[in-house]
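Annotated active site per Swiss-Prot: K17, D154, in sequence order, evidence recorded as sequence analysis. Under the heading ATP binding site, Swiss-Prot lists P111, V112, A113, S114, G115, I116, G117, G118, G119, S120, A121, citing sequence analysis as support.
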Amino acid sequence: MTDPTGTGTLHESAHAKINLYLHVTGRRPDGYHLLDSLAVFAGAADRLTLRPGAAGQGEAVALDIAGAFGAGLVADTDSNLVLQAARRLRAEMGVTDRLAPMRIVLEKSLPVASGIGGGSADAAAALRLLLRAWPGEALPRARLMALAVELGADVPVCIDQRAARMGGVGERLAPAPALPNCGMMLVNCGEAVPTPAVFRARAPVFTPAASLPSAWPDVGAMVRDLAALTNDLQDAACELCPTIRTVLQVLDAAPGCRLARMSGSGATCFALFDSPQGARDAMTAVERPGWWVWAGGLHGMPAET
């Protein structure tokens, strides 16, 4: 295990994936829906730590789950995408019998099953951790991305945690427009909205793929273009969970909000602001009992303009 700190541990962050818009463009013969979306990553993140495991732990890579949203996942760690990613990577690299035991600790700070790709981001972070831990084992980029697709359509975009245009069922990635350093607020009302139910409830119509510029010079230009687009799952999710509509109304009324919309299939909603500090300043106007609220900037951007 490569560990420049000498502590025997490695760390990765798994950032929230936000769909700034999401068009359902069609449906494949196998029933999977085709999408066009612009995904960005917020500063909000889960944290994964990889450390040496115990000889008798039973599996080459074991998983512990903690954090504010970890309790709901502890009962079913065996099916967690983090462990699935570890198992598939071991098989793909063909090193199963040569691995020292390791343990991943997932600190779950993001709401579960909430439209922000948390499980997919965790799986991608696990892949990055293990590839750092096994530096002598080469894995071509194409094979890594193919493995990511097998884990889930959102996992490929989470590998690099960079803004990207998503197509196909989500696995086809293309460069995103250059983004301004905007602020973002995320709100989750604490109510689960199953993705299959949202797709079943949506109107049976399709929306063409969007036409985007190569760059947005400022937040105003970005908001004007995004306002002309939609999240095609938002209305259906609001019918299933009316609190989402309340969240959107509260966000839209927040001081400095430029755009409010639902991410993915919900229930997390986001609002865009002129700056990260502007988003943080508006938090007190949005916070409600039982709501998870985060405010800041986009991952990879300066914290302030």
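A Cβ is built for glycine as well, from the same backbone N, Cα and C atoms used for every other residue.
This view paints the features noted in Swiss-Prot onto the structure.
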residue : record           : CB count, 10 Å
K17     : active site      : 28
P111    : ATP binding site : 24
A113    : ATP binding site : 19
G115    : ATP binding site : 29
G117    : ATP binding site : 29
G119    : ATP binding site : 25
A121    : ATP binding site : 28
D154    : active site      : 27
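Sequence-ordered, the extra residues of this chain that approach the ATP site, with Cβ no more than 8 Å from the Cβ center of P111, V112, A113, S114, G115, I116, G117, G118, G119, S120, A121, are A16, K17, L110, G264, T268.
In terms of C-alpha distance, the listed binding-site residues A113, G115, G119 place G115 closest to K17 (active site).
A strand conformation is recorded for K17 (active site) in the three-state DSSP classification. Restricting the binding-site residues P111, A113, A121 to those with a CA within 10 Å of the CA of D154 (active site) leaves A121, listed by sequence position. Secondary structure from DSSP puts G119 (ATP binding site) in a helix.
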